[in-house]
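In case it helps, Swiss-Prot gives these features for our protein:
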BINDING   L118, G122, H123, L124  (6S)-5,6,7,8-tetrahydrofolate binding site
SITE      H227  site 'Plays an important role in substrate specificity'
MOD_RES   K228  N6-(pyridoxal phosphate)lysine
Amino acid sequence: MKSQLSLKDPKIFELIEQEKKRQKENIILIASENFVSKEVLETQGSILTNKYAEGYPGKRYYHGCGNVDDIEQIAIERAKKLFNARYANVQPHSGSQANMAVLQALLQPNDKILSLSLNDGGHLTHGHKLSFSGKYYQSYSYNVDPTTEMLDYESIRKLALEIKPKLIIAGYSAYSRKINFQKFREIANEVNAYLMADIAHIAGFVACKLHPCPLEAQADIVTSTTHKTLRGPRGGLILTNKEKIMQQINRSVFPGIQGGPLMHVIAAKAVSFKEAQSLEFKNYQQQVIKNAQAFAQTFQKKGYHVVSQGTDNHLFLINLKKTNPLFTGEKIANILEKVNIIVNKNTIPFDQEKPMFTSGIRLGTPAMTTKGFQEADFIKLADLIDQAIKNRDDNVYLQKIKKEVLDWTNDFK
């Protein structure tokens, strides 16, 4: 029996089917992507999308919100339990909007922000000039150490003492090492700054106590996405232990930057928060890290330069210029896509290439670990990637690798 969508809108139906096929037949190594459970998908596609619910549970601007009040309260309580937080806001539509809500709540225009530079692994919303965060606030960047390619806390401290920012941001989009949130708290205390931790990429590890929790280090506020390692729907989350800050955050999210929350997404967040409390989920998170470490070590053995010489989480960067000065992330990502291996180009510390080309690629293990990959699979995958790069001009050889990948993906769950 044909689906209603295929009859009513065959073009969109066909594109969804093509994307389903692409996700099935490709090895996905985008660090910010994952595969949600059937239950999360079912919840997102539910009739909850019909309900408008401006406001917060018990304080809505529309009537008929009893059921969605209960759903949002469940999501809030599960988020609080998962991260051992006193307060949670589950309404942000994205991580970027969660960050925007925090900055709007805690800062005045032209206040100073100190965060990791984008090239070194930071995020656009942490103060980049093209983002709202760089337009409305004075943004300053710290860098990783040029030798170790890791955070240099004493250097960050000196910069903070010089700049005296109102907000310090710890948490990144392309940094492969554990973050010492306690060190950041000490630095923030010295300059009387707020400390915001953006755990969008490492939320799954924090939830399972495999990485330090910034709230335990007295971070003032924590933001996150609910996808990536947390393996929920695409959306944002804000956590804090401070009542006054939570009141400011709630006003900043609504009515500050958002209207009606997406109740079908909030319900899916609740489902994913329950999933994240299971032993199975913790085992998954442990495997994500093991896989990333085996993957990175295999590239190192093959002579590739892995930024910071390894990883403590789900991702790592490869500096392609160390392999061939003519390589760019754009070029290598395109070559790998030809053989159905999907990575993203990425800037590396102190990158001299333009952002649309970059000197590196970023590789992540969450999605394929969800598919069932173990360390041996990532060791094999590193070999295929190496072969594709070395034989990049041999289309016959690339087709051979693509066939091997297609045969392999047929076994995916």
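The backbone N, Cα and C atoms fix where each Cβ goes, glycine too.
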Let's check the environment of G122 ((6S)-5,6,7,8-tetrahydrofolate binding site): how many other CB atoms sit within 10 Å of its CB?
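The Cβ of G122 ((6S)-5,6,7,8-tetrahydrofolate binding site) has 24 Cβ neighbours within 10 Å.
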Write out the long-range same-chain contacts of L124 ((6S)-5,6,7,8-tetrahydrofolate binding site), meaning residues 6 or more apart in sequence whose Cβ is under 8 Å from its Cβ.
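S96, L118, L130, S131, S133 - these are the non-local Cβ neighbours of L124 ((6S)-5,6,7,8-tetrahydrofolate binding site), listed in sequence order.
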Taking every protein chain shown into account, which of the recorded positions H123, H227, K228 has the largest tally of Cβ atoms within 10 Å of its Cβ?
K228
Taking the Cα atoms as reference points, how far is K228 (N6-(pyridoxal phosphate)lysine) from H123 ((6S)-5,6,7,8-tetrahydrofolate binding site) in Å?
15
Please list, in sequence order, every residue of the chain apart from L118, G122, H123, L124 whose Cβ lies within 8 Å of the Cβ centroid of the (6S)-5,6,7,8-tetrahydrofolate site.
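Here the non-site neighbours turn out to be S115, L116, S117, G121, T125, H126, G127, H128, S131, Y172, S173.
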For a quick check of packing: other C-beta atoms within 10 Å of the C-beta of L118 ((6S)-5,6,7,8-tetrahydrofolate binding site), how many?
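Taking all protein chains shown, L118 ((6S)-5,6,7,8-tetrahydrofolate binding site) has 23 Cβ neighbours within 10 Å.
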Which state, by DSSP, holds L118 ((6S)-5,6,7,8-tetrahydrofolate binding site): helix, strand or coil?
coil
